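Visitor: Grabbed the feature section from Swiss-Prot, which reads as follows:
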BINDING   434, 440, 479, 483  [4Fe-4S] cluster binding site
BINDING   483  siroheme binding site
């Protein structure tokens with residue numbers, strides 16, 4: 001081996017309780033089927049509370065009314081979040097019409113939530129509607145398998161409407177990788193789709209009987225766009241094209257953003273370059289990365305179980321050589337690639353296939369009929385006449401894809417009539433938040449409900465300093481798990497307590513640098529005071545084309561994070 005690994009390949013010790021739960025679950029069945037019929041509680045009990053995550057669901061409750069219900073001696077208002085498996089974010093208009101109807105008829109909130117994992121979520125599914133939602137998805141060719149917990153999650157793919165052939169090829173690989181890494185257990189089909197039990201022994205040749213040590217995230221990236229934020233993910237296939245045709249991938253492994261407040265064994269980390277591989281080795285390499293993490297990942301401490309920590313413990317070269325051994329290949333040197341941005345191009349883009357693509361800005365991905373802006377109805381009306389597909393982006397926006405010239409005016413009119421094409425600032429387009437309150441059980445501070453008014457105030461600061469058309473990549477996440485991807489933002493707010501955030505600065509526009517904590521546990525007025533001063537300096541002192549994050553590093557306002565395992569907390 002080219003490198004002496006700094007730590008053991010396998011962490012010995014008492015396994016975490018999650019490992020017991022998986023082992024005893026009979027390949028993810030548990031007693032979910034029996035629990036479904038228990039009408040005494042609106043939730044799932046015991047291990048099933050965690051097992052349903054493997055089936056794409058999280059048990060939540062409405063935290064706005066939690067105390068009130070407790071005072072009335074009532075259990076929390078339990079309801080499920082369901083996340084669909086949608087590799088590359090592509091969804092047909094028939095599928096869209098089905099999910100629109102389910103959201104309206106069978107969820108507490110009536111909304112569809114686009115996520116930065118390039119799929120949609122339903123919030124507020126009561127227990128009685130859990131089986132029907134899986135059956136509805138199945139009826140239109142969708143499922144929620146492996147969109148949560150210790151598996152390979154929804155596979156992302158750059159939403160590139162212009163280079164249509166390259167997008168089509170990359171999207172096919174995203175689907176193939178997703179299918180190849182799915183669990184083989186029949187538990188999902190038996191419990192939700194009433195498929196009969198087959199008298200065979202379940203086996204998981206890739207994931208293993210106890211699945212992965214922790215969640216695992218995969219992307220297919222088409223430079224120069226980094227819209228999927230590759231450095232937030234465990235395994236990334238960067239598309240390398242020749243004459244507009246896909247020929248292979250650069251592989252980057254070990255990105256991840258979640259941390260725990262005050263736990264210095266946790267840190268955000270960018271992914272490491274392993275090398276280039278021709279297309280025919282893609283699935284073998286994907287499997288080799290996953291099985292190496294399966295066997296070497298830390299199963300004693302879930303806070304230290306992700307691929308990024310395995311790489312730091314055993315060494316990048318050791319991990320890479322094991323992947324080569326398992327896949328039966330040698331990586332070629334990394335091929336040149338560069339990123340120039342990661343935002344979506346809002347509005348119409350004409351593809352090289354002569355079709356039009358309309359990217360609609362959906363603030364925080366929340367699709368609902370608002371007063372004067374019936375977004376949900378508008379998208380439903382478009383879905384009824386559009387002959388192409390919809391594509392959800394990793395920025396929580398929606399593309400009406402493959403619109404022929406003859407349909408363009410009709411679709412634009414529907415979009416305008418329903419408030420889907422209202423003008424918004426560049427700053428708003430480049431701001432994003434996770435869901436957080438009231439449904440997320442992990443939320444420490446507001447995010448989705450906080451961001452719109454906070455963005456108003458940041459826009460006012462930009463205006464005050466004479467740069468109203470500028471933008472700063474800004475992210476708010478309600479807790480340090482980091483679903484809002486604040487740890488790749490130029491301005492990242494991480495929830496600490498109600499009304500309080502840690503302010504991180506020094507990321508860059510293209511998402512290749514981790515920001516550092518600038519101020520801890522501060523309120524909105526304190527954050528705005530700091531930003532007012534710093535944005536004022538940026539407006540006056542920046543170099544041509546210099547983004548806010550790059551300026552804060554160059555001006556010495558923040559020290560860049562160079563080696564997160566060692567200097568993230570400094």
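Along the chain as shown, the residues are counted starting at 1.
Cβ coordinates are placed from backbone N, Cα and C, and glycine is handled just like the others.
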Visitor: Taking every protein chain in this structure into account, which of the binding-site residues 434, 440, 479 has the most other Cβ atoms within 10 Å of its Cβ?
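Guide: Top count of Cβ atoms within 10 Å goes to 434.
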Visitor: Residues near the [4Fe-4S] cluster site, 434, 440, 479, 483 excluded, by Cβ within 8 Å of the Cβ center?
Guide: 435, 436, 442, 443, 447, 477, 478, 481, 482, 484, 495
Visitor: Helix, strand or coil by DSSP: which one applies to residue 483 ([4Fe-4S] cluster binding site)?
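Guide: Residue 483 ([4Fe-4S] cluster binding site) sits in coil per DSSP, no helix or strand.
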Visitor: Please report the DSSP secondary structure of residue 434 ([4Fe-4S] cluster binding site), reduced to three states.
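Guide: It is coil.
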Visitor: So how many other Cβ atoms are close to residue 483 ([4Fe-4S] cluster binding site), meaning within 10 Å of its Cβ?
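Guide: That number is 22.
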